[in-house]
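**Student:** Submitted below is the structure of interest, expressed as structure tokens.
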Amino acid sequence: MLKNQSNSVHVDGSHNNSSNYNDEVSSIAKSIRNADESVNFITFNQDASCIALGLKNGYKIFNCKPNFGKCYQFKKNESIGKIEMLYCTSLIAIVGLGEEVGSSPRKLKIINTRRQSTICELIFPSTILQVKLSKSRMIILLEEQIYIYDVTTMKLLHTIETSPNGNGLCTLSADNCDGKNNSYLAYPSPPKTITHDSLLVNGINTNGGMNSIQNNIQSVSNSPNRIGDVIIFNTTTLQPLSVIEAHKSALAAITLSTDGTLLATASDKGTIVRVFSVATGLKLYQFRRGTYPTKIFTLSFSFDNKYVLATSSSGTVHIFRLGEEESLENKHKRKRNSKKLKLNPEYETITEENENEIQKDDAEDDDIIQDDGDDSDADDDDDESLEVIPSKHRKLSQDSNNSFTSFNSAFSNDDNKDNKSEPLIDQTRLSVARLIRRSSQTLGRKAAQKMGDFLPTRFSSILEPTRNFASLKINSVSKDIKSIAIINNEVQEDLVPQAYLNAKENNPSPPKDISVNTAKDLLPLNLLHINVVTSEGYFYTYGLDPDRGGDCILLHQYFLLD
């Protein structure tokens, strides 16, 4: 193992001139495109303590907890398309892109980095789309098969035949987490058909288990021919557990919480994020990420299951809070819909996602109030299909569940509101357009709160969506840069320039230069750290105020390809 090295590039986003910064980043980005170390794959390990990069000429591994630094690098004349770590052990799994002689996207190598030796090689019938590791299981995902191995012996335990899964969607929870043996695998379900009042999942063959033919699986689905459902599979018993009805359109991202109790999903529209209970299949939360369709790259839970993060092609990372207040808001909406359906059975709730919607990319935060109709498939359910999270999780501050509060709370006319509870405002992201959008949303939210019981669901759900608790904008140069993000549980004290946060009511345009002359200009804040890695080869650390939410603050930036 190589010794930790000092960071080659360390940029404090709060202290730099923005124009010089953009010029510097632009020049670096141009050199990246022509470099041999272009990034093919990025991932965190299971406890988010390390980052692994698959490069054109090998791979790199970095520590990111407690301190950032490179801990291992292996250069070879092979493009690495997939890399997966097993926590912080010396065991990794890699898959080549197949661009060189002897390399193949169908070949998996298990490598001991400490001894620099190959433990074993496995050849599969088609391209490997995903590799997932836990302490007891290794999952190999092909387009139409899933292979389950015992990590300790590398013995094949089970094979699952699936419908085509070209996007390589699957997620694996940790095993034996907090004494719970919730080792679950989640992957897209084939379309369903209704036969004799019972739902059957077509095309699922489980080879090597007790059921070698089509399985009857417990399902919460009540609609045929859906393509946005998720199968939950127990990797310990090697049996399917349930099918969760997530979306009517195709899935874009899915993830299980570390303890295997929660499932988060997003469709290819990228406007709605949903969270389900794995045990019951019931929808616990529904959040609106934005209005216009976009590509969601990844979803991730915090390790305490209090937050869900979504990265997307818009270059924005949205943070959704899983709290009692958010759960109650979802439940109240469903309760109103249920009452209206009982009074008028022919009442039509919001229609499903329209495939012909305007395919306009998000602006800064996708916050124009317009309905995309993604939440109709759950509005017909009864009130009991939404569970309320116990209040013991945490006490939530008033009006913190909607991200649009984060920008116009500073301009609120409510004199009784404590400034310390107002969401943070990032002046570097402030613009007239954003202020106008946020102000219009505030009016809509207040109108919905007053008139929600009288308006049809189609309109009240438009005016009163549950939006993100916080967000951040990645300082990327190019568009559609892929990114992954994870949030740490530990609250840390960071020093942030006051000019970075102070609102300027008379001058809403973003400041061009934020500088720190003395220590008096720094404001101590207790923040949760959010780590973001992009395909440009950058690692960012942002700070999230867990009480106020709003805009996350760029704390550090590192370049990974030096």
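A Cβ is built for glycine as well, from the same backbone N, Cα and C atoms used for every other residue.
Got these off Swiss-Prot a minute ago, pasting:
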type	residues	note
REGION	1-22	region 'Disordered'
REPEAT	246-286	repeat 'WD 1'
REPEAT	291-330	repeat 'WD 2'
REGION	327-425	region 'Disordered'
COMPBIAS	331-342	compositional bias 'Basic residues'
COMPBIAS	349-386	compositional bias 'Acidic residues'
COMPBIAS	399-413	compositional bias 'Low complexity'
COMPBIAS	414-423	compositional bias 'Basic and acidic residues'
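For each feature listed, report its degree of burial, its nearest neighbours and the pertinent distances within the displayed model.
**Tutor:** The average per-residue pLDDT of the prediction over the repeat 'WD 1' (246-286) is 95, rounded to a whole number.
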**Student:** DSSP on the repeat 'WD 1' (246-286): how many residues come out helix, how many strand, how many coil?
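**Tutor:** Going through the repeat 'WD 1' (246-286) residue by residue, I get 0 helix, 24 strand, 17 coil.
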**Student:** For the repeat 'WD 2' (291-330), how many residues does DSSP put in helix, in strand and in coil?
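**Tutor:** DSSP classes over the repeat 'WD 2' (291-330) add up to 7 helix, 18 strand, 15 coil.
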